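If you scroll down you'll find the structure; I have some questions about it.
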């Protein structure tokens with residue numbers, strides 16, 4: 001949520017900055033009109049309350065003088081009705097103002113590439129060399145299906161498209177990956193959390209998924225509850241409505257959860273494989289910081305995500321997303337994209353974002369600065385990493401010509417000595 005006081009003070013600046021995110025100037029004008037109307041209605045209410053107090057005083061004086069107070073009583077009754085009518089107008093106006101503010105995205109940070117499309121992202125660095133194959137590399141779904149460790153067909157019978165069974169060493173690889181990710185993050189000072197997977201609408205509003213992106217999630221019929229689209233939601237809401245002791249900041253938390261997404265608007269995109277699923281595992285990182293810490297912490301969070309890829313030996317690059325491509329709540333986002341040899345392109349595996357006080361303002365999360373003044377915390381979130389996409393990249397980058405897949409060295413301890421996934425060991429029940 002943006003600060004209405006700041007919008008009131010710098011309307012042209014907000015129009016200019018938010019125009020880079022597709023916001024029309026008229027949307028800011030509407031917010032300002034509703035804000036002006038609100039202040040006018042509140043002033044009228046205060047005037048009437050003063051009038052009511054004066055009428056009450058007249059009634060008291062008349063009664064003490066044993067005179068008729070009928071006129072003052074009638075006046076007070078009328079003023080009361082007028083105040084009630086104004087209160088209803090204030091409530092309706094506040095609802096409109098709140099709704100309009102809730103649809104405005106965060107202001108992009110200085111230096112974020114300006115574009116109304118995803119084109120124009122700035123590459124910050126490229127790490128690792130793409131493997132040169134002496135055979136035609138297969139897509140991850142082909143490798144997984146041939147080995148029997150990814151079963152899209154049976155998942156389709158049970159759940160429909162964009163679902164998968166991980167089987168045998170496929171399930172073990174998924175588990176090894178998220179355990180490795182969590183272990184690495186905890187070494188960097190993150191506290192592991194196992195959060196709820198179903199949250200209420202207020203939690204979804206707090207992190208910015210609601211009201212604008214309701215069509216992208218799965219909601220429980222007849223209840224004000226939603227399956228989480230990312231662990232960012234329950235993790236960021238952990239301190240909602242609280243004043244966090246300043247000496248605790250920054251706070252780092254991490255969690256593995258399933259993520260549930262309807263993928264509305266994705267028809268025809270990535271219809272095969274693990275890239276775009278309705279349900280997928282993801283390890284999330286969330287930080288709460290003081291206001292002067294968040295940009296340094298964004299760099300650290302991005303490095304935490306990169307650490308996983310570097311230890312897995314996967315080539316990737318880091319880009320800064322454009323003003324219109326980053327998430328609704330973000331002021332700046334760094335994406336990590338993995339090299340997928342069969343697709344011959346990079347695919348996103350992590351987004352690390354600084355949301356400044358945008359989410360904290362919605363969730364009323366604060367701390368006291370050195371002067372004892374309440375300040376909103378800054379929140380950051382990042383994938384560390386999307387597990388299925390990382391697994392897909394391992395299958396493609398570590399594939400062998402005979403169809404087997406070499407297990408990255410750092411994951412071998414999770415496999416109790418197995419170093420390669422083959423047709424013979426991939427799915428034990430297939431060998432009976």
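Cβ coordinates come from backbone N, Cα and C, glycine included.
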The L-serine site in Swiss-Prot includes 230, 231, 232, 383. Which of 174, 284, 296 is also listed there?
284
At a 10 Å cut-off from the C-beta of residue 351 (ATP binding site), count the other C-beta atoms across all protein chains.
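There are 23 such Cβ atoms around residue 351 (ATP binding site).
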Taking only C-alpha atoms and a 10 A limit, tell me which of 261, 262, 348, 350 are near residue 230 (L-serine binding site). These are the binding-site residues.
261
Give me the largest Cα to Cα distance among 230, 231, 232, 284, 383, the residues the record lists as binding L-serine, in Å as a whole number.
9
Of 231, 232, 383, which binding-site residues are close to residue 351 (ATP binding site), meaning a Cα within 10 Å of its Cα?
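Neighbours among binding-site residues, in sequence order: 383.
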